[in-house]
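Read the structure below first, then the notes.
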């Protein structure tokens, strides 16, 4: 039996008035960073992060897709033209050339279409932020 003058140890957890045992407080529960965890773990643009990004940060993916597509397209043009010039392995060049042409053209077009989509998204985000600031200005008075 634990008396009231004995110090509480980990072997004898403190008892509540009704006699049930309580577990010692956990350090994990005391240091909860819910808002920052949500902000870090979200994949999309968050309302909390309003830092402006550079043009390269915004457009780097479509620029890479366009440049890879252009390189593959040019490689396909070279291979296709080799099928006209070279006599050896003509069938290989005739099969691979159009394949690289079509893959390169597909990447090129996807990247070129992606850029206006990002621009439209940026404009919508700016409008949304403007409307949010107006709403908070009028309703928080």
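Any Cβ shown, glycine's included, is placed from N, Cα and C.
Curation plays no part in TrEMBL annotations; they are all automatic predictions.
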| task | Have a look at 99-118, 119-138 and point to the one annotated transmembrane segment in TrEMBL. | result | 99-118
| Any residues 6+ beyond the ends of the transmembrane segment (63-87) with a Cβ under 8 Å from its own? | 93-94, 96-112, 114-115
